[in-house]
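Engineer: Take a look at this one; I'll ask things after.
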Amino acid sequence: MTTQAAEVAKRRTFAIISHPDAGKTTITEKLLLMGKAIAVAGTVKSRKSDRHATSDWMEMEKQRGISITTSVMQFPYREHMINLLDTPGHEDFSEDTYRTLTAVDSALMVLDGGKGVEPRTIALMDVCRLRDTPIVSFINKLDRDIRDPIELLDEIEAVLKIKAAPITWPIGCYRDFKGVYHLAEDRIIVFVPGHGHERIETRVIEKLDSDEARAHLGDMYDDFVEQLELVQGACHEFDKDAFLRGEMTPVFFGTALGNFGVDHVLDAVVDWAPKPLARVANERTVEPAEEKFTGFVFKIQANMDPKHRDRIAFMRICSGKYEKGMKMRHVRIKKDLKIADALTFFSSEREMLEEAWAGDIIGLHNHGTIQIGDTFTEGEVLGFTGIPHFAPELFRRVRLKDPLKSKQLRQGLQELAEEGATQVFFPERNNDIILGAVGVLQFDVVASRLKEEYKVECAYEAINVWSARWIECSDEKKLKEFKDKAYENLAVDGGGHLTYLAPTRVNLSLMEERWPEVKFRATREHH
């Protein structure tokens, strides 16, 4: 096996998806703990030793305690290299989250055992389904009261339309939580609560049909055996091929806070989740084992280093190897760049990188030339597909408090739009600036970042826009007619694309009927 093939085979790149408060930040920290990447989970101290969770780094996140921005963490585990992408868990999240899911090969779904499947989980699963992403499931919070586990599995199947195959099964919950039973291996993993940074030695009872198991379960033993027979009769057996096709999810139970069960999930990612997969470009399919370097940018983030107004472009390597000082072709702008200072990530600890392989995520310093969706190669003209822009669902007009700062406002919004924090529209008929977002929190994020990073204070006003659609039309004459007729509602977005801002759903339907030659698109690929 070549070094390259061996390095690719070691990689596992996955994201965590969940509804807010299902325990995603806690599980992220416990995973880092498994990889010995942090000594004390959740209390990585900065110099001032103020304690805040490792993966939530922007000012606003610190105040609200939610991971607004996607961070990337790399750590070793069992001779493998794990790349973990954290997605914003707040109900108000942006396209950032969707795009992060285009950069991974599998996902870990975290469900709150007391609540089951929640709306955000459904939305994220829809995105995973588009790409048949393999999903490992973790039902969390067994140290509290949870719903009937069989009911939870039924709900996963009915609502998320994926077969659920339990790998472990909980023995009791809350104060009666005794551990989990591993169905295939016929053994009990005993629950010993371990908080924070403690890595507890696990106690295992081999065989359910044993005196030791009877003693541990006590009065619960007979009921548990009966429940297990029911489960084994009713549930799917795990089928790795169905998992890799995105049709079945292995389900684990545990408590991230109690530091129990997280290792079972990480083992599943290593043992079953795919190594870096081939990627589709417009021109051809790119295999990870190819010698030549290729990669695409799925996210841009400003100011990871408060001392520098820098912006980092996050790139997923699709093939070949990154080496410090190598030359790359930036395909969209047809320029060669020498990259000497790519970064690897351990949350906000950033280190310079000597080499990286397919499946890894690296950070490039961006001085305004890199956009989301850009492809980098060693010279070949390629464009990776499937990195979408979604039509925003909420709109506000921006009002400047100091009219002399309109230049800074435009620059700030342009940069925040390139980063994917918001979408910006400039109407044809006036000098308004309209912001579009997927969730309300995005407007707060933009206002606070304009103030902190660009020293611009702005206010928002309601505006009569229901939705935005990107316009495409191959017939020049028809397009001109359309532009003349629809002038009042036309705008140009931050990337220079013609956009129709529909005041109502009815208006949009009428326009689509009236102009069959014009395509009104709700998503747009990054080009």
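Residue numbers in this text run from 1 along the chain shown.
Cβ coordinates are placed from backbone N, Cα and C, and glycine is handled just like the others.
The GTP binding site annotation in Swiss-Prot covers 18-25, 86-90, 140-143. Positions annotated as domain 'tr-type G' by Swiss-Prot: 9-277.
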Engineer: For the domain 'tr-type G' (9-277), what is the mean per-residue pLDDT, to the nearest integer?
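Structural biologist: Mean pLDDT for the domain 'tr-type G' (9-277): 84.
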Engineer: Based on DSSP, name the secondary structure state of Leu142 (GTP binding site): helix, strand or coil.
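Structural biologist: Note: Leu142 (GTP binding site) is coil by DSSP, not helix or strand.
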Engineer: Hey, does DSSP put Ser18 (GTP binding site) in a helix, a strand, or just coil?
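Structural biologist: DSSP assigns Ser18 (GTP binding site) to strand.
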Engineer: Test of understanding: give the count of other CB atoms lying within 10 angstroms of the CB of Thr87 (GTP binding site).
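Structural biologist: Other Cβ atoms within 10 Å of Thr87 (GTP binding site): 24.
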Engineer: Around Leu142 (GTP binding site), which residues of its chain at least 6 apart sit with Cβ under 8 Å of its Cβ?
Structural biologist: Gly113, Pro170, Cys173, Tyr174, Phe177, Phe191, Phe253, Gly254, Thr255, Gly258, Phe260, Gly261
Engineer: If you count Cβ atoms within 10 Å of the Cβ of Lys24 (GTP binding site), leaving out that atom itself, what do you get?
Structural biologist: 26
